[in-house]
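Noted in Swiss-Prot for the protein shown:
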type	residues	note
REGION	1-39	region 'Disordered'
REGION	55-75	region 'Disordered'
COMPBIAS	55-66	compositional bias 'Polar residues'
MOTIF	96-124	motif 'Q motif'
DOMAIN	127-298	domain 'Helicase ATP-binding'
BINDING	Ala140, Lys141, Asn142, Gly143, Thr144, Gly145, Lys146, Ser147	ATP binding site
MOTIF	246-249	motif 'DEAD box'
DOMAIN	308-468	domain 'Helicase C-terminal'
Amino acid sequence: MSTARTENPVIMGLSSQNGQLRGPVKPSGGPGGGGTQTQQQMNQLKNANTINNGTQQQAQSMTTTIKPGDDWKKTLKLPPKDLRIKTSDVTSTKGNEFEDYCLKRELLMGIFEMGWEKPSPIQEESIPIALSGRDILARAKNGTGKSGAYLIPLLERLDLKKDNIQAMVIVPTRELALQVSQICIQVSKHMGGAKVMATTGGTNLRDDIMRLDDTVHVVIATPGRILDLIKKGVAKVEHVQMIVLDEADKLLSQDFVQIMEDIILTLPKNRQILLYSATFPLSVQKFMNSHLQKPYEINLMEELTLKGVTQYYAYVTERQKVHCLNTLFSRLQINQSIIFCNSSQRVELLAKKISQLGYSCFYIHAKMRQEHRNRVFHDFRNGLCRNLVCTDLFTRGIDIQAVNVVINFDFPKLAETYLHRIGRSGRFGHLGLAINLITYDDRFNLKSIEEQLGTEIKPIPSNIDKSLYVAEYHSEPVEDEKQ
C-alpha cells in the first residue's frame, strides 16, 4: 500500500482543529515507504527545526576553533550524500565552488554542513553580485536554491561586532518565515554569535519586543508585523544595509504593496534591495523603477515549470474526486504528498474524508490558530505524516524535499497559482509528480494554463512509470534526456 493506513484512524494532537488527523506512518522501504535516503533527510530536518511561538532564536552559538594548517573540512559533520537524480534546473552551472567567493570559513562550514556541495545556477548568478552591494532583480524557479542565493551574501556581510539589525528578509507567509529562519540559523551556526530572529503576525508581540531588546542582526518577517515593530520604535532599522523580498510578486500584490512601500521609507537611502520571485508582474516592475538603483537583472526562466515535475490530469465529476484520490493513494509510491483545495472549508472536509478512508493526513489553512499551523508545518516537515491537505497558504516557497507528489483536488483558476502549487514537488532538481483532478467546468482553465505556461499536462495513464517520480528507481544520476 502506498501510504499510511489504519482500519481505525484516530485524531491525535491538541484537538481536531489542530490539523492533525493521523494513523501510524508506514515504515520506510517498499511501495510507498519512501526509502532510506528520504528517511535520513527527514531525520536531519527533525534535528534542525525549533519553533518558539513563531520566533526563531539562535541556538547556542557554535564557535569552531581551527588551528592554522588544520584541514578544516575534516571537522565538518556532513549529512548523508544525496544520490537522487537532479535535473538541469540545478545542475547546469558554470562549475564554480562556494570557496571561489572568498566567504568566511565559518560560513563555508555551515554551507557544507547543510549538504550544499556546489552553488546552483541562481546562486552562481546572485552571490557575487549581492556581495558587491548592488541591487538585484532575480527571476528563478521555486525550488532551485533561491534562499541560499540571498542568505549566503547576507550572512557574509554581517558585522558581528555591531549589535544592531543589519539585514531584513521579508516573506509573505508565517510558514515561510519560519523555514527561512531555520535555514539561516543552521548556515550561520559556526559564525560565533550571528543572531537571527523570525517575527510574524499571530504570535506574541510582547515576546518579539523582549527579543528585540537584545542583540539581533537578521530579522526574517512578514510585512505587517515588522512594520508594526518599526512604528513602535522597537525594531530599529536605521543601520539596515540589506533588505530581501522573497516571493516578491506576492509581497508587491495589492494585499501588501502599501506596507512594503512604508517599510522601504524607514530604511537608509543607501540600503541594498534584493528581489526574488518566479514571476514578475507589473507591480514588481513599478516597485523596481521606484526603489532599485541600476539593478542587476537575473533571468533563469527560459521555461516556467520545473524540469523534474511530470504533469497529468484525470477527467472526473465532482462526485468521483474522492474515489479517484483513493485510487491514486493505492497505486502511487508516495514519499509525502500535498493535496490542494480551493477553500478552507473544503480542506477540512477532504481531510475528514481521507481519514475515513483509512489514511492518515494533516491539514492546514489560514483560518487555523497560529500555534496549530506551526505544529502541522513542523510535524509534516519532519515526516510524521505522509499526506497534507491545504489551501494556497502552503504554496509560497515551502521546501519539503520528501514531497514527490502534488495533487490538485481542486484545479486553480490562475496559471501563477498552478505554477506555485506544482513547485512543491521536484524541489532542488529532484523528481516529482503533479496530478490534476479536472471537472467539466475546469476544462477551459486547463487549456489556458497550459498555453500561458508553455507546458503540457497529459492525460493520466493507467500505470505511471515510477522512474518519473521515485528517486530509488535511479541507481545513478542521469542527464535530462540529452537535452
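Cβ coordinates are placed from backbone N, Cα and C, and glycine is handled just like the others.
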Other parts of the chain folded back onto the motif 'DEAD box' (246-249), taken as Cβ under 8 Å at six or more residues beyond its ends: 146-147, 150, 169-172, 176, 180, 275-281, 283-284, 287, 396-397, 416
Neighbouring C-beta atoms (10 Å sphere around the C-beta of Ser147 (ATP binding site)): 22
Neighbouring C-beta atoms (10 Å sphere around the C-beta of Gly145 (ATP binding site)): 23
Local Cβ density at Thr144 (ATP binding site) - other Cβ atoms counted within 10 Å: 23
Mean of the pLDDT scores, which run from 0 to 100, over the motif 'Q motif' (96-124): 90
